[in-house]
There are 4 protein chains.
Amino acid sequence: MSGNSFGKLFTVTTFGESHGPAIGCVIDGCPPGLALTEADIQPELDRRKPGTSRHVTQRQEPDAVQILSGVYEGFTTGTPIALLIRNEDQRSKDYGNIVESFRPGHADYTYWHKYGVRDPRGGGRSSARLTAPVVGAAAIAKKWLKEQYGTEFAGCMRQLGDIAVPFQDFAHVSANPFFAATADAALIAQMETYMDELRKAGDSIGARIDVVARNVPVGLGQPIYDKLDADIAYAMMGINAVKGVEIGAGFASVAQRGSEHGDELTPQGFVGNHAGGVLGGISTGQDITVSIAIKPTSSIRTPRRSIDKAGNPVTVETFGRHDPCVGIRATPIAEAMLALVLMDHALMHRAQCGDVRVATPDIAGKH
Amino acid sequence: MSGNSFGKLFTVTTFGESHGPAIGCVIDGCPPGLALTEADIQPELDRRKPGTSRHVTQRQEPDAVQILSGVYEGFTTGTPIALLIRNEDQRSKDYGNIVESFRPGHADYTYWHKYGVRDPRGGGRSSARLTAPVVGAAAIAKKWLKEQYGTEFAGCMRQLGDIAVPFQDFAHVSANPFFAATADAALIAQMETYMDELRKAGDSIGARIDVVARNVPVGLGQPIYDKLDADIAYAMMGINAVKGVEIGAGFASVAQRGSEHGDELTPQGFVGNHAGGVLGGISTGQDITVSIAIKPTSSIRTPRRSIDKAGNPVTVETFGRHDPCVGIRATPIAEAMLALVLMDHALMHRAQCGDVRVATPDIAGKH
Amino acid sequence: MSGNSFGKLFTVTTFGESHGPAIGCVIDGCPPGLALTEADIQPELDRRKPGTSRHVTQRQEPDAVQILSGVYEGFTTGTPIALLIRNEDQRSKDYGNIVESFRPGHADYTYWHKYGVRDPRGGGRSSARLTAPVVGAAAIAKKWLKEQYGTEFAGCMRQLGDIAVPFQDFAHVSANPFFAATADAALIAQMETYMDELRKAGDSIGARIDVVARNVPVGLGQPIYDKLDADIAYAMMGINAVKGVEIGAGFASVAQRGSEHGDELTPQGFVGNHAGGVLGGISTGQDITVSIAIKPTSSIRTPRRSIDKAGNPVTVETFGRHDPCVGIRATPIAEAMLALVLMDHALMHRAQCGDVRVATPDIAGKH
Amino acid sequence: MSGNSFGKLFTVTTFGESHGPAIGCVIDGCPPGLALTEADIQPELDRRKPGTSRHVTQRQEPDAVQILSGVYEGFTTGTPIALLIRNEDQRSKDYGNIVESFRPGHADYTYWHKYGVRDPRGGGRSSARLTAPVVGAAAIAKKWLKEQYGTEFAGCMRQLGDIAVPFQDFAHVSANPFFAATADAALIAQMETYMDELRKAGDSIGARIDVVARNVPVGLGQPIYDKLDADIAYAMMGINAVKGVEIGAGFASVAQRGSEHGDELTPQGFVGNHAGGVLGGISTGQDITVSIAIKPTSSIRTPRRSIDKAGNPVTVETFGRHDPCVGIRATPIAEAMLALVLMDHALMHRAQCGDVRVATPDIAGKH
């Protein structure tokens, strides 16, 4: 209840700090009988891991995952699955200069005031490194959802600072360092130049990411507070640096009329998906579409005004290894959070209404 | 756990349907010793209730609240507070024509597929009428937070369809039917004409609402999943018809540089509030600023294509008494949800870190 | 989370005080599609209600239950079911003399120190009257479990003070005022005399109650902390005045050898049931057998030493209408708690492992 | 929610199997600022670990604990504390003969029917080895409670099969292999002989354990369902092999009169403690006294009738390394569970009622 567990029935409890000996999580509630090895999890961690291009942090972490429990002879047993990831490339001295003062835009200030103590090494618990365990846990959720319902997840960058990134096809996402769903080589080159200049300037930039779930069973979600879209908003806003979340038409809904926004139905399915796959907090069986805004990294080399713990004015420049755009690596993280939400709601639905017999009725999913 | 409770330590469990005998809630976890009568709650319900202008639903409901438990001789006792609100103006026949078919954009379709049964009278459980009990519960939270920390809440409409509504002062909000924070009579008149035309056209429109909390203690929020902003996003996206949530700079963060977005600190306080009062998931002591997008009402008189339960094509026109812009009455609801989130986190913080001794340190809150 | 909700997936949240306007509960998580009216609930409340013999409190309460929500056209809809029971026979003056002092053995002292405020009328929230709403909620659980698995519940008194009450048949329970499973008229007469003398003496007495669940599906329970027997112990010890709980052989296990205690299995089923239907925290499909110890009522006419709020010595005699043996009415309450535990675990099991296909395998249930 | 977490605010989530690579737990909700190293935890693990006398299992496990997170420069930071304990002495072949059949009295049968898969090595998740992580977690709770309120825990064996073990002084507990609170050398010798004979006979025996908490703050506990005694019953019944729980007078209450059972109060404190330190579910400030019944170990060498997975009759003899009386090592485990319950309720109380200012009022604690 102190905020380090995600999910009610497929519950992921994470632990660890950026520069401690290890990070990891315990997954409680995974159904028994799922075939599972580290090889099912590692690819998702590899998509998220640092050091894969010059545009992200140069910290070198293999992020090799070890399953400590909950799997016997290759199948889940229904008992907790513990995942362990060793931290290999800690360089605590990089952070020596920010122990006594607060980086603008960073959690330094609030952790200090909340707890009266904080681990300053690499941001401690507030580091985006702590998204690794949930990406690992979500790999398990993805596998189960895929086997049960055929549910699949995809995501891509749609905006990098001022640069809009048109959507072509998710197939392109793995072919460039930005998770851009485009084959436009000129655009990719423009993005690379943009990032190179930012890095030289010692500054950082925001991004917008879209994620989608396909082949979602109809009926997932609880109607009043644990609405599917409410839980998605919670999951997404909980990702480091996220400042905004949209479902379906999102903020564009403000200027829409009801006759335009409300997706009509025909015997062949829904006509349009302004709803983003959720009506009244419950999945329609259409694609679930989510868009998130990610703020620029707070740790930058540009000198900034701040104060120290005693309240004296100081100038802060943050060296060390930081992502100049945390949005770049956010795509697999956002997919992971969406998968965890759907997994939890799939189990919750099963508790209240029994097994889902039809993943998507004939009239849904066509749009 | 089936989605009808909000909050972990100040837990509000609601019940009721739009056209049942009553709606209400049970509030578990209210600290003892708070002076409380119905007169503390009723004004907030009156701000939200229907029938207060021609621009909202004409259903006539006094929304008179009765405290059934948890208060003895004018003070809370620490035991559950039950609030009861009788439904007085049910007209179930208004809904007869939509029992067998699904209104586009409405929860009819998803409730039917989830539960295999639904109460179609006035939308049943999915009606925005169910926001009344939480507004009542939040009145208690608001009173406690005000007494403990001086925390206050305010909100206003910022956009009505195509019409932007500039912010002047929250003092104006109660002087017009739109919760607009402006004294611009011409703008109000324009909004009234806009709504009159929509109503004649049998259509509806979206809106954008801003809410803010002031004098928030520093240190509220849990760092990884139950981040303060994540819980705010959950609370806001859970309000009927909300499709997007922003904290602080929100989607504008995407195009910002780190040197612009990160709010600097000086001995006199933060310089700017792009963060919206939350860093690393924990309150900074600055104002918490939230913006939400509300979709247009789904129940409109305009004929629309849909299907019936058997999958046959039908045309749906929804008569009855509906808000042509659900965003109009959303301001007190959004304030209520924000208050509930802060209340819950205030208790959570007290559990883990003991009593908050300083609501806002000297260096915070000046911006 | 403040202790007024029972169950994780079939969650019952109660409210009310002994002498407030009403008591009741909200049941969240009831599966949709269950046929339900007040007539399904009232008989269970009638078994528990006061005033049915001279051996229990003479407070006259019809305990008439009203369903406020969650049921449409006679079937549950999957939304919260609110139950309301009006208090009709409050006589607050009865309690005037104990407002300022603490009754020995009663919650007066602890409530006062915990909350700094308490409702002294009839014990306020600590009254056994608050077991009525859970008995109502459990009637719904019983109906669902019966329909799904054929599960049935029964209970009886096994000891009244010094008088042991042999078990003959549950059929006799409703034929005497003590819930004794015996047709021994002489024993019943002895119990009546015993109670009459106690009442004249202004004293009270303890009791032991057994409850059993039959036709329980195999596989209910979580293995480490939410063991089925752990949750049963929690449920039973939470009943007013309970001081001890046994499952199966209970305290007799202490002197047993493993070769005696461990129930052997044959192709025809288990040989014996020392386990009480639970192994490793999970149901075996055998009868679940529970025994509880209930202390004597604390509110007695016999003068007792105590202190007032200021710490001064006082003599306390408690007049008013009290059960001279709270154990007499405890049988339906204990059955109710057992039913709520099994209901919750049935839904939990369904979440993690899917629908239970076989309630009791062939080899179980024979013992 | 799948039963592998204990506590709501001081939440301990365990993982691991008897013969997997490691066991451990994540503790979420520990207040910041507590001085903590492995040296604070290891002594409690050493009290519980196997192989310390010939009367317990001969499995050799150092049970060396490693803190993976949540501590910085010797103090807790308020973030999750992960504890890791490597399994060193697995001998899976010991269990080869019970893979296909069910040991009477053991969780084999129920795990198989619940999950359709189970890890048979050493009982997998159902092994009492899984009590090690909670003993580790409880060492942290004990330290915090001691520093905050002076609360202390002690426990001892009171009965070993037929042998009653009188209580003299907790100081003797560490001086014999049975956790007996006696200096009676003849009695200890008798117990040793008793155990030696049992071991030769290939059989096992039950035990009764008492635990007590002293210097408990008044006011801990929630009044209806999360009563302090209900949570204690839940915690105790959740320990492997426990079949009965008593608080205070326990089952002796059945034959007591109210004038005998109800503990009188004087300005000098309570007169007696039949309540066991809990009234109305809330701590009185007196000692909390608990007694538990532990069944004999199910894994014995004596041949027993059982069935295999196909339902065919088999004879089961369990070799390998087992405790002939699991009750012997249960004392530190029962203390640990009691400490975890009090820790959780201390934080819960702080959430709802603010910091406890007086651990025990003058009138309490004297008995």
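Counting starts with 1 at the first residue shown.
The backbone N, Cα and C atoms fix where each Cβ goes, and this holds for glycine too.
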| Additional site residue, B:Arg158, B:Arg214, B:Arg321 [criterion: listed by TrEMBL with B:Arg125, B:Ser126, B:Ser127, B:Asn240, B:Ala241, B:Gly280, B:Lys295, B:Pro296, B:Thr297, B:Ser298, B:Ser299 for FMN] | B:Arg321
| Which Cβ among the binding-site residues (B:Arg48, B:Arg54, B:Arg125, B:Lys295) has the fewest C-beta neighbours inside 10 Å? | B:Arg54
| request: State the Cα to Cα distance, in Å, between B:Lys295 (FMN binding site) and B:Arg48 (NADP(+) binding site), rounded to an integer. | output: 18
| message | Restricting to the chain of B:Thr297 (FMN binding site) and a gap of 6 or more, list residues whose Cβ falls under 8 Å of its Cβ, or answer none. | response | B:Ser204, B:Ala241, B:His322, B:Asp323, B:Pro324, B:Cys325, B:Val326
| field | Secondary structure of B:Arg48 (NADP(+) binding site) (DSSP, helix/strand/coil) | value | helix
| remark: Here the binding-site residues B:Arg48, B:Arg54, B:Arg125, B:Ser127, B:Lys295, B:Thr297 meeting chain C with a Cβ under 8 Å reduce to B:Arg125
| request: Note down the number of other Cβ atoms within 10 Å of the Cβ of B:Ala241 (FMN binding site), including every protein chain shown. | output: 24
| request: Could you measure between B:Arg54 (NADP(+) binding site) and B:Ser299 (FMN binding site) for me? Cα positions, answer in whole angstrom. | output: 17
| field | binding-site residues: B:Ser127, B:Ser299 - member with fewest neighbouring CB atoms within 10 Å | value | B:Ser127
| Of B:Arg48, B:Arg125, B:Lys295, B:Thr297, listed here as binding-site residues, which sit with their C-beta under 8 angstroms from a C-beta of chain A? | B:Arg125, B:Lys295, B:Thr297
| task | Please classify the secondary structure at B:Ser127 (FMN binding site) using three-state DSSP. | result | coil
| Among B:Arg125, B:Ser126, B:Ser127, B:Asn240, B:Ala241, B:Gly280, B:Lys295, B:Pro296, B:Thr297, B:Ser298, B:Ser299, B:Arg321, recorded FMN binders, what is the largest CA to CA distance in Å? | 44
